[in-house]
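Trainee: Take a look at this one; I'll ask things after.
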Ligand SMILES: O=c1[nH]c(=O)c2[nH]c(=O)[nH]c2[nH]1
């Protein structure tokens, strides 16, 4: 392999590969945390939008010479994902992706690495009458418009077997509004400043999170005690937002990240991407009411990116104990 080729960006694959399997074995035995009532995922509908990329030096001639002799058609990639979904024995997206990556590496010896991302297609139970009350239907589900769990994994062939070189789990499009209990003041005031300081604003945020396990094995669900469900991560974010009188989105995401990593020491880090979608005030005071009238914010929007690691948890603990000791 020449030095130039070693670092060349070269991949091809298939996107929007939707795959649905019903009645996958439920994920149970998760560790219970105080922020969440989520204890199991029933997996009645195990549905994902997948994107797969194949990588390998052997594909160079398909680009440079139009030689398709080693090309696995992207149409075949889609078929492999569909048919092999029936053979997956586990119950998590992470485990499913690893299983599929290994199918490709085992079947085609000229593939060097497989990168696979899955975004959940989420379904919620609908409620149906039971006696005087209601219960979850076990056959009818509603496609949810809310947040979606995501997973990415890259498995590479090495002389000693396949190796996971990239893995993360996440959730995208979490949209949360806190109607009071958020401020934003104390920022630079100069000739460019027009934004008024806010002691209390209706903070509307869009959040995408990703988290990495220190040991990828913990993310497969083989030991459910070590597995972290996206639902639990969301519940921690909801709780932190509820409890913290936040001074900015920056401060909020740091707190969410610390709380997630304290609850789940098996995670190495949490990565945030957030947008500020705070509503714009139209009528500030309404007689005899605590409320106001708002409209959608006008573009452009603000954003933040931040990674919280277990080192941050350690440093915060040390700083908190110093403050505690000096009191
Ligand atoms: O939480 C916020 N952080 C900022 O950095 C910022 N900047 C801004 O105009 N509004 C906000 N809100």
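Cβ coordinates come from backbone N, Cα and C, glycine included.
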Trainee: Going by the 5-hydroxyisourate site in TrEMBL, where 74, 75, 201, 250, 276 are listed, which of the candidates 59, 96, 184 is also part of it?
Mentor: 184
Trainee: Would you work out the biggest C-alpha to C-alpha distance among 74, 75, 184, 201, 250, 276, the residues that bind 5-hydroxyisourate according to the record, and give it in angstrom as a whole number?
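Mentor: Between the outermost Cα atoms of 74, 75, 184, 201, 250, 276, the distance is 51 Å.
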Trainee: Would you kindly give the Cα-Cα distance separating residue 276 (O2 binding site) and residue 250 (5-hydroxyisourate binding site), rounded to the nearest Å?
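Mentor: Spelling it out, the Cα of residue 250 (5-hydroxyisourate binding site) and the Cα of residue 276 (O2 binding site) are 10 Å apart.
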Trainee: When you measure from each Cβ to the nearest atom of ligand 1, which of the binding-site residues 184, 201, 276 fall under 6 angstroms?
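Mentor: So the answer is 184, 276.
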Trainee: From the Cα of residue 184 (5-hydroxyisourate binding site) across to the Cα of residue 276 (O2 binding site), what is the distance in angstrom?
Mentor: 12
